[in-house]
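K.L.:
Before I ask anything, here is the structure I am working with.
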Amino acid sequence: MLKNVSLTIEPGDFVSVIGNNGAGKSTLLNTIAGTLTADAGDLTLAGHSVTKKSVAYRAKWLSRVFQDPKMGTAGELSVAQNLTLAQRHTHSMSLHLYRNAQQEAAYQDLLRPLQMGLEDRLTTQVKYLSGGQRQALSLLMATLSHPELLLLDEHTAALDPQTSAKVMELTQKIVETNHLTTMMITHKMSDALTYGNRLVMVQDGQVKLDVCGAEKQNLRQDELMALFAE
Amino acid sequence: MLITSIGQGLLWAPLVIGVFITFRILDIPDLTTEGSFPLGAAVTVSAMLSGQSAVTASLLGFLAGCVAGWVTGILDTKLHMPSLLAGILTMTGLYSVNMHIMGKSNVPLLSQKVLTNYLPATWSVDLQTIVVGALVTGVVVAVLIWLFKTRLGLSLMATGNNAAMSSANGIYTDRMVIIGYMVSNGCIALSGALIAQSNGYADIGMGIGTIVIGLASVLVGEIFLRGRQIWLRLSAMVLGAIIYRYLLTVAMGLGFPVDDLKILSAGILVIVICLPIIRNKYRTRQQLKRYLKQLGADEHEAEPISSLKRQASPEGLLSRDTK
């Protein structure tokens, strides 16, 4: 549940959101994404009021990486098909044939930097990929059409520590090169402190702490812990 | 006997393809089938009796099926009903609609020219049926292969596979589900139109059991022809329809009365659902045995067998793979 939350995310911000279980982090994210609709108040995305709009409508400006690697990709479809779905500039109802060699070469170029060997597995069904590969693909898909806002929903929580670190590193790289405005929910305090220029702590459905810039850089883990305990 | 089965199977193939679209692509068991099949027949026969040509009448049958699918789609997505209930409601409503269209429970064609009459009269009935069935099914399969290669088709597949991901990627999943229902029931009604012309009449009861026939044929087809490419999957549906017809013909040849065909259909469905489960169980056990034999060469431990056996869960045709 959220109570009177007012949050403005500036273009180029990388906001880390932390909070206890049940504090309202996910509710906040779901409200922005459109999975939940706010009972009261307004939500504006890149200058468009989307308070009552559907998830699909908001997808014009917004991308999301889910916590569960299985959620962000269609398992029965191939890597290339999943990437095609993420290309928002072609309408989902269009009758154009979607496969062509040129496109596939472009996909391979996109997948190569992930260094997971996915560029050779364009026709593999995504369900045969590992969790880390699926999550890296989700991340790539979410950033493919340069969204105005990227939502990361504890996107490394379901991965093992090593893969988690790799995906986090990849996230940082993609966000920086594309100058994406990002909002990341995380359970890992260290990630919240390391990544992003802004930190928001949610507690009891309200924003408890909102620091950015130098103030955020100087924040230490024990200080944060102390705030949690209050 | 086989020749007749091929002809009849081809006439039933659009129905199987229709069931495949909702059941496999959208992952929805759609009971509208039982109403849209006789709807296609009723509309076609009525249109022919009022002077339309067989081609126009069959197309009208197809369109009527699309409308039926649209209704179920609206009930399912916009009114948020469980898809099973949505199908049952449309199916039940269609009974009255069909009665109104036909005026009575059985309407025979008189001297109207059906699709097979466009072929040379010197050809045998079986050959005529095969040619008409192959032409219509061929067109349906070709159009669907094209559809599933377009962005729209991809969106349809994605919606059935992972709705949350699809909407997050800007696909209006409700629309996709409605389109899927419409295409599916259009095909099913088209099959009804073909069967009515082949039988020479439309009957209010001809839809009973069609969902079982459809599902059984889908599963039979998938047992014989497995693959990922859409043309292969659609061909499997056509094959399934033919094999299923053949199984029924064989059963009738064995002396089963016509009234028992429904229970036979149900029996076949049970068998084709269970068969892959048993086969998988058997295969897992064989693999396990081989594996343990290799292990046994080094260690003589029989303890892990039982625990491993319990863990190996069989995977049936009806169970969806992990997404």
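Positions of Cβ are set from backbone N, Cα and C atoms, glycine also.
Reproduced below are the annotations present in TrEMBL:
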TRANSMEM  B:9-26  transmembrane segment
TRANSMEM  B:46-71  transmembrane segment
TRANSMEM  B:83-103  transmembrane segment
TRANSMEM  B:123-148  transmembrane segment
TRANSMEM  B:176-198  transmembrane segment
TRANSMEM  B:204-225  transmembrane segment
TRANSMEM  B:237-257  transmembrane segment
TRANSMEM  B:263-282  transmembrane segment
REGION    B:299-323  region 'Disordered'
K.L.:
Taking a Cβ cut-off under 8 Å, which residues six or more beyond the ends of the transmembrane segment (B:83-103) line up next to it in the same chain?
P.N.:
28-36, 38-39, 42-43, 45-46, 68, 71-73, 75-76, 202, 204, 207
K.L.:
Among B:9-26, B:46-71, B:123-148, B:176-198, which stretch has the most Cβ pairs under 8 Å to the transmembrane segment (B:204-225)?
P.N.:
B:9-26
K.L.:
Considering only the recorded stretches B:9-26, B:123-148, B:176-198, state which has the highest number of Cβ pairs under 8 Å to the transmembrane segment (B:46-71).
P.N.:
B:176-198
K.L.:
Mind pulling out the one from B:9-26, B:176-198, B:263-282 with the most Cβ pairs under 8 angstroms to the transmembrane segment (B:123-148)?
P.N.:
B:9-26
K.L.:
At a C-beta cut-off of under 8 Å, are there same-chain residues at least 6 beyond the transmembrane segment (B:176-198) that contact it? List them, or none.
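P.N.:
Same-chain contacts beyond the flanks: 8, 11-15, 17-19, 21-22, 25-26, 28, 30, 32-33, 36-45, 48, 54, 57-58, 61-70, 72-74, 76-77, 109, 114-116, 129, 132-133, 136, 140, 144, 147, 152, 155-156, 159-160, 166, 206-207, 210, 214.
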K.L.:
Cβ under 8 Å, sequence separation of at least 6 from the ends of the transmembrane segment (B:9-26): give me the contacting residues as numbers and ranges.
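P.N.:
Distant Cβ neighbours of the transmembrane segment (B:9-26) are 33, 37, 65, 129-130, 132-134, 136-137, 140-141, 144, 156-157, 159-160, 176-177, 180-181, 183-188, 190-192, 194-195, 198, 210-211, 213-215, 217-218, 221, 233-234, 237-238, 240-246.
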